[in-house]
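Enquirer: Sharing a structure, written as structure tokens. Questions coming.
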């Protein structure tokens, strides 16, 4: 008998009928002899409804109260799913984040899980119950209700799988696996049977939207066996594991994109040794996630630093920068919005130095303006205008021969 | 500076605009120098929406999961009200039942409050914050989320007022006080400036619908100063206090009614000394609230016992009875539904023995069939067909001269 942690996203529990379908899926797993812990998100658009109500009251709802508000969404889901299980004869119990022993740091709206006391879940499992846990939420040491931020339910599932030493963590979603690109943008995109944690991490960070990067990171760190599959069919999905099958030998395994990107430029910063450190320490302290960083226009005494943030963080980032203008001694800060990021990802890149050049060529041929570039061992990312994103993804997908039915090895151009 | 506990019902926080109005009312109290703890219910019909979803899943949702589901309603309200206060510059903090230290017994859907650890609220008050507490909910010693059942937010408010030794507990609702009868049924009904705890208790138990009986009981026990007033205007409301003003000298101070009543008859019960005790012990253990009890058809060896329960409890009551048929050794159990209860209430009744007779006369004149009768020192109740309830209330209101603008002393008929 194995212990499986299953995670069902908002779409999978979007209606009463879908909740009942999830209950049947869980029961078929228990009937196959498995112990099940299921993590669920809020129903469909219910979080958006709550956010709307808060926005009607104030433009700047306090983060503690937002967490208080939003965590009700998952609490509704766990109660209804548990009822659905009980209605078909499966003993089950629901647990909020604090009841499931999930302790986070004392930060609101984007807390990290500190530790999990798995004894309440273990006890319920020993009593033969399916345990339904509210995703996305926890409790701080001082007893505040906290949330893990966007995609937090994935992290809850992986963290629970790690704490419980589960045999498998299954992420059920509305797509049936990880694709070489977003199939809505690239109709010829193919499903990958397996990817490495690192590739998935890059794909997730870059907005493939299937799995939250923090969850992948956590899975990698704790060696959690992870699968992404559809909650609407019985297909195999994509396995995320340390050693992917080398069947394909692909240099580039997928094209990722991220829609909501903005570029912030901090101009006329003094060229002191600690200027960059100070700048990004201040942003980190304010929990602003910075992605690509480019240092440019280096002169004798001043430099410009550009970095990308989520489009939602632009106003807050500029506010934080202006509040620290005297400390940082910069000239001015400016934001460029309506940008996107496209990336090519693949573990094979390390040994194929021409890949980045092929990407730049492809984008140039397509007439796409590159605003920022960032490279790592297994990815190359370009920030480009939002309006050109779809065309860029399709061109790259074709250029790296990901359209092909049969996998093809892509050769570097130089 | 005094400490006031205010309670706002579902209608008072039914929309975002109303929540903002409640926030302004609270701020005007803090500006007058008071410390405020506000207890809130779920928004308007939101509880009904949640109940509907549960009903779509199963006819018999488990009570633990119902509590898990329904407590989200109040959690939404406290978050939004706290945001509204913060938006107009008032420091405030929301607390769920468990965060506010409200410990209940380990029963679901109708738990009683065991004790309150008031230190989290006291600390927040000392920090100059308004404290917004979720009504209707608590936590059991084993860490389960519990609810207090219908009208539970009133009980939360009074219990908090008692624990905090508040100077006043103000119940804000959609009516502006306690009336001699339901103004929707009797247009000539008058607002009472004050009633005694006991009268209010009878009026509340009998379905006046303004204040939950448990809250009144709790207020009486802990000498909490209680006021019922409208959240939509600035009128004075009705004060509930131990020694009411004797201005009116009324024998009957109000007519109460309760719509959803059923009569259960347990037939051919053995006439043993402990038969009644056994029967009602079993019902109490299952948390079935029994109201009027009538023992009838007393023969040599068997008797019939009839009692009234809420119309919602009929199926469960019959199930419980049948499950214990062997223990209780009765012949059969039968339910009569679609009944109502009308009652006359007044502290002056004790010294006016003809009041019950006047009531029966009035009902007989109106052609109302009496199914059950119950009397106490300050009330007389009759169970009658639901279809005749409104007419009965109006006739009684007129018969006891409650219509009169000027208060009139009602004399007994014999």
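Just so you know, glycine gets a Cβ as well, placed from its N, Cα and C.
Annotated domain 'Aspartate/glutamate/uridylate kinase' per TrEMBL: A:3-228, in sequence order. If you look up TrEMBL, you'll see A:7, A:8, A:9, A:10, A:173, A:174, A:179, A:184 marked as ATP binding site. Sequence annotations record features per position, and here TrEMBL assigns substrate binding site to A:47, A:74. Annotation comment: TrEMBL describes A:270-321, A:342-400 as domain 'Aspartokinase ACT'.
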Enquirer: How many Å lie between the Cα of residue A:173 (ATP binding site) and the Cα of residue A:74 (substrate binding site)?
Expert: 16
Enquirer: Which of A:47, A:173 (the binding-site residues) has the most other Cβ atoms within 10 Å?
Expert: A:173
Enquirer: With an 8 Å cut-off on Cβ-Cβ distance and a minimum sequence separation of at least 6, pull the same-chain contacts of residue A:10 (ATP binding site), or say none.
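Expert: For residue A:10 (ATP binding site), the qualifying residues are A:41, A:42, A:43, A:44, A:45, A:46, A:47.
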Enquirer: Mind computing the max CA-CA distance among A:7, A:8, A:9, A:10, A:173, A:174, A:179, A:184, which the record assigns to ATP binding, rounded to whole Å?
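Expert: Result: 23 Å between the two most distant Cα atoms.
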Enquirer: Across the domain 'Aspartate/glutamate/uridylate kinase' (A:3-228), what does the pLDDT come to on average, as a whole number?
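Expert: Across the domain 'Aspartate/glutamate/uridylate kinase' (A:3-228), the average pLDDT comes out at 92.
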Enquirer: Please state whether DSSP places residue A:10 (ATP binding site) in a helix, a strand or coil.
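Expert: The three-state answer is coil.
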Enquirer: Write out the long-range same-chain contacts of residue A:74 (substrate binding site), meaning residues 6 or more apart in sequence whose Cβ is under 8 Å from its Cβ.
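Expert: Spatial neighbours, sequence-distant, of residue A:74 (substrate binding site): A:40, A:41, A:42, A:96, A:134, A:135, A:136, A:137, A:153.
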Enquirer: Let me know how many other Cβ atoms fall within 10 Å of the Cβ of residue A:184 (ATP binding site).
Expert: 10
Enquirer: Within its own chain, what residues at least 6 apart in sequence put their Cβ under 8 Å from the Cβ of residue A:8 (ATP binding site), listed in sequence order?
Expert: A:22, A:38, A:39, A:40, A:41, A:81, A:172, A:231
Enquirer: For the binding-site residues A:7, A:9, A:174, A:179, which one has its C-beta crowded by the most other C-beta atoms within 10 angstroms?
Expert: A:7
